[in-house]
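Annotated features, as they stand in Swiss-Prot:
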DOMAIN    11-193  domain 'tr-type G'
BINDING   D23, H24, G25, K26, S27, T28, N140, K141, I142, D143  GTP binding site
Amino acid sequence: MSTNSTRTPLDHIRNFSIVAHIDHGKSTLADRLIQSTGGLAERDMSEQVLDSMDIERERGITIKAQTVRLHYKANNGETYVLNLIDTPGHVDFAYEVSRSLSACEGSLLVVDASQGVEAQTLANVYQAIDNNHELVTVLNKIDLPAAEPERIKEQIEEVIGIDASDAVMISAKTGLGIPDVLEAIVNRLPPPKSDVGENGPLKALLVDSWYDTYLGVMVLVRVIDGVLTKGQQIRMMGSGAKYGVERVGVLTPKMVNVDSLGPGEIGFITASIKEVADTRVGDTITDDKRPTAQALPGFKPAQPVVFCGLFPVDAADFEDLRAAVGKLRLNDASFSFEMESSAALGFGFRCGFLGLLHLEIIQERLEREFNLDLVATAPSVVYEMTLTDGTEKELHNPADMPDVVKIKEIREPWIKATILTPDEYLGGILKLCQDRRGLQTELTYVGNRAMITYELPLNEVVFDFYDRLKSISKGYASFDYNIIDYREGDLVKMSILVNGDPVDALSMLVHRSAADRRGRGMCEKLKELIPPHMFQIPIQAAIGGKVIARETVRALRKDVTAKCYGGDATRKRKLLDKQKEGKKRMRQFGKVEIPQEAFIAALKMNDE
């Protein structure tokens, strides 16, 4: 379906996003806004229209930013075009959030009236303020018996420092107060600005891109200056690639083709782009023949932060896994992978992710959408090394670590973590951060909740920090982080040896102070899981040549003297010595079978 769009004047456009913590009702509010402006017919409405992936709906999180264009007839009789960009709320997708926010001029800050401000709300609000957004505060879930709107308003003013006296009170579930939200968007959020209008050279921000089976890569753009039309030759300023625009349209949330997009408008284009990796979020799109002089600021390619190996449980599934990661890569440029082989687990891929949630989601999508059974090795972060000959090197896999003699220094990434928690759990959380080599930088109270800021090594967080935090605080603490810098650390490579052979999939880089604890835990876990063989199996954790922990799996033995009735003791001695000799030889040549479950359990080992 195609419409000939007459250009909407700038002062009748509002571009906004919704900023909220997980579960505070962001996607439900988006549904209500779509419904009340007639964006979708009743029969097409589904819960969380904008969360199109199953995982997004089930976990109640938004992963990919989505957009929708709504037409709203305001109380003053004018019709406005509202472009809502739905942003992910999770810390792993912080870069996506910052790009989505830079495409808008204002944000709705949605806070649950019963729960108050959470850590991720803070992180995203600060990003919105960095982008000079006008904020409209919306208190959601005011129909709940536990709602305390007045207390939460005070909390917003104390914690975030913005005036919440004129907050809009709504219940997105029942639809209460939705008209007030629409009026607030029109009256309180600013319209987009354009320096040169539609006659200047094209300048557009690439907000997002995804892969469509029929149309190839679809690119979501926000036009700043100039006009984007069908048939135009465009150029990506970050990569220098050129494309011909085949189709221009808007999402309402259905795709509707239009002839062109002008300043302030948000829509999509397709242009025979082969894969999503060619369209980098945050890049500037311009006309190839008449380019704009300056690209938009703030563009940086997404860098993977956490790495882990993914291996198929059944080696025969390797080709299916190769096809599956290739398909996911089409839709997610921040996910990277390369082939790797492990003596214990066979062939698989070393994959890079933006963070732990990203890793979990990719793994779940591979298992779910492609029916694969996978084993993931222990997650590791990217280390920077300076070698003795002066060269700089990045280390993604602990197994590739060069000889200690060649390393001058190793630097690891550090994060700044903000934790919000009810104060009764404060002691346990401080101890957890202390145990993980954290440096406390701030501790403030807001009512009965504490806000703690810590600097922590990312290496200590990727393992199971989040799970431990949730269990200490019974699920009440919220956590948000961003990477600040790389710092030198006393890091050592810990290898696990089974029967004298190193098991590559279990080697990891640890801080020297935590090596004992980690090594002992790993050996004890493996001792429980490796079944007894006919010979005794030593399990050791070693740093370089020094063994720091050891457990032994006892041998099974046959009673070889059972057939001797009485008689000479030397006869029994001879049989026992012969058995001992056999066991010795067996230990030399025997291979230890480590069951798959042992790997999975050892890698999931909780750092108690």
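Quick reminder: no glycine exception, Cβ is built from N, Cα and C everywhere.
On the structure: features taken from Swiss-Prot.
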residue: G25; record: GTP binding site; CB count, 10 Å: 23
residue: S27; record: GTP binding site; CB count, 10 Å: 24
residue: N140; record: GTP binding site; CB count, 10 Å: 29
residue: I142; record: GTP binding site; CB count, 10 Å: 20
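DSSP assigns N140 (GTP binding site) to a strand in the three-state reduction. Across the residues of the domain 'tr-type G' (11-193), the predicted structure has a mean pLDDT of 74.
G25 (GTP binding site) carries neither a helix nor a strand DSSP state and counts as coil.
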